[in-house]
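Here the structure is laid out as structure tokens; the discussion comes afterwards.
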């Protein structure tokens, strides 16, 4: 190939951008032109396939599995929450059976499962609230009300803290579940910044 090769997108051979052959086409394209096309094209497969020969680009960079893992943080959060709720529901069921089914006495099958899962979710919120209460005791109780008994102070604050924890938790779960918040965004940005995927040049341009 001679130095007269031109980009099939901008028809220029003087651009400082690298001329590459990313597919089975015999022509060449500037890397910058191709990246601009991939970023702005409305075609669904423009980021992954040549618009002419339909060959899939060979990408060098982070493995697809790594990108998939980094892009599914919401899935892991959902699995973790469901796992905790499931384990708690199983524990409640075992305790309920041992106690003679007082919790789900009038329910069976799916209804009983909902009872145990709902009780598990409520228990989880109560535990979170109790942890915050324990951590905030020195500030909310003894420093502000040194003469007040611990039981009275806990009764005053536990309901408020449980409601706050439950509300904030539900709001955060909604944000993460709806895609408005990506908790792995900093990690993904760091990985992509150091290991950006580049389209492989299948036929390096050679000058005679």
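Note: Cβ is positioned from N, Cα and C throughout, glycine not excepted.
Summarising the annotation, TrEMBL assigns domain 'RING-CH-type' to 1-60. The domain 'RING-type' annotation in TrEMBL covers 7-54. Taken from TrEMBL, the feature transmembrane segment covers 75-93, 113-133, 154-177.
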Composition by DSSP (helix, strand, coil) of residues within the domain 'RING-type' (7-54): 10 helix, 7 strand, 31 coil
Arithmetic mean of per-residue pLDDT over the domain 'RING-type' (7-54): 86
